[in-house]
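S.K.: This is the structure I have questions about; it appears just below.
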Amino acid sequence: MLRDSDATRHLFEVSSGLDSLVLGEGQILAQVKQVVRSGQNSGGLGKNIDRMFKDAITAGKRVRCETNISSGAVSVSSAAVELALMKLPMSEALSARMLLIGAGKMGKLVIKHLIAKGCKKVVVVNRSVERVDAIREEMKDIEIVYRPLSEMYEAAAEADVVFTSTASEALLFTKEHAEALPSISDAMGGVRLFVDISVPRNVGACVSEVDHARVYNVDDLKEVVEANKEDRLRKAMEAQTIITQELKRFEAWRDSLETVPTIKKLRSYADRIRASELEKCLQKIGEDNLNKKMRRAIEELSTGIVNKLLHGPLQHLRCDGSDSRTLDETLENMHALNRMFNLDTEKAIVEQKIRAKVEKTQN
């Protein structure tokens, strides 16, 4: 269970790809963005949570841009391809018979990374042919052969490597299925590889009990990224510096909300004076001497003067991390404005809340 700053930091790290199995993978940032869209559409995000998620997205973008962490890392689908090729005999890897079950987003990425590695042919089993046709149209550098779902086991019998990426909640391959498949040639290592990147899993762990079969799932992908561990750790340390900066900025903004009552009262006080003086001015001029355009110009003039006069004081009541002002300075400014304009804000309560947060952070 994570609370307060720990919870916020965790979200920022997730958004930056630091909490992912494959460090720096980019798909998680898109998922965080989707959470924000879903929350906004359902009205489920309050002011604080909305800002926290937006700052998390900013942190994620900064980490990827400033540390280049994604360049040394791979997505789950890329790691799956690398793992498969790593397990095959080096001289035969690119000639291995590749089968992909599922042509969704992850499956499409598997094909993309197979192309990048130099593979020239892949058989795709999918419920519908339309999605496979669309992928074939987009990716011209590889031969894509479609097989319907009803021919899945026949296709697996002819494959050296089977990638599974479907939304099925039931296992597609069990020990019994693997035992029924023919053996693999010695040139390919004599073992059929099942690389399961589905959640929940499509291939049972018991498949590895079959002599001529091995199954690898998302947990096994750690082996692929281990080679770049030192570089990833260095980039992760750089990323933590960025996350700390963004975390301080968010917490400063959140704490500055405590001064909102003073900001509202100061603006209300100024607006009351403006409205009163404007009314006096208009009475002196006389309604008959003013047309709508002149009246609007006078009103805009009075509003503009008030806004410009308030800009400085209001800026000094905001402590959003964008400048060097501390909470203590913001509190002093708040007290000064309360005294000068007799704003009647419950400043003792506000100060107590802010100081409590500061002490909690320091502890």
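Glycine too: its Cβ is placed from the backbone N, Cα and C atoms.
Please treat TrEMBL annotations as automatic predictions, because they have not gone through curation.
Relevant sequence annotations retrieved from TrEMBL are reproduced here:
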BINDING   Gly102, Ala103, Gly104, Lys105, Met106, Gly107  NADP(+) binding site
DOMAIN    2-67  domain 'Glutamyl-tRNA reductase N-terminal'
DOMAIN    87-224  domain 'Quinate/shikimate 5-dehydrogenase/glutamyl-tRNA reductase'
DOMAIN    238-343  domain 'Tetrapyrrole biosynthesis glutamyl-tRNA reductase dimerisation'
SITE      His10  site 'Important for activity'
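Can you tell me where each of these features sits in the structure?
M.R.: Gly107 (NADP(+) binding site): 26 other CB atoms within 10 A of its CB, across all protein chains.
Confidence across the domain 'Glutamyl-tRNA reductase N-terminal' (2-67), taken as the mean pLDDT and rounded to a whole number, stands at 90.
Summarising the environment of His10 (site 'Important for activity'), the number of other Cβ atoms within 10 Å of its Cβ, over all protein chains shown, is 14.
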S.K.: Please give me the CB contact count at 10 A for Lys105 (NADP(+) binding site), counting all chains in the structure.
M.R.: 11
S.K.: For the binding-site residues Ala103, Met106, which one has the sparsest Cβ surroundings, going by other Cβ atoms within 10 Å?
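M.R.: It is Met106 that, of the binding-site residues Ala103, Met106, has the fewest other Cβ atoms within 10 Å.
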S.K.: Relative to the mean position of the Cβ atoms of Gly102, Ala103, Gly104, Lys105, Met106, Gly107, the recorded NADP(+) site, which additional same-chain residues have Cβ within 8 Å?
M.R.: Leu100, Lys108, Leu109, Val110, Ser165, Thr166
S.K.: Select one residue from Gly102, Gly104: among these binding-site residues, choose the one with the most other Cβ atoms within 10 Å of its Cβ.
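M.R.: Comparing the binding-site residues Gly102, Gly104, the most crowded Cβ belongs to Gly102.
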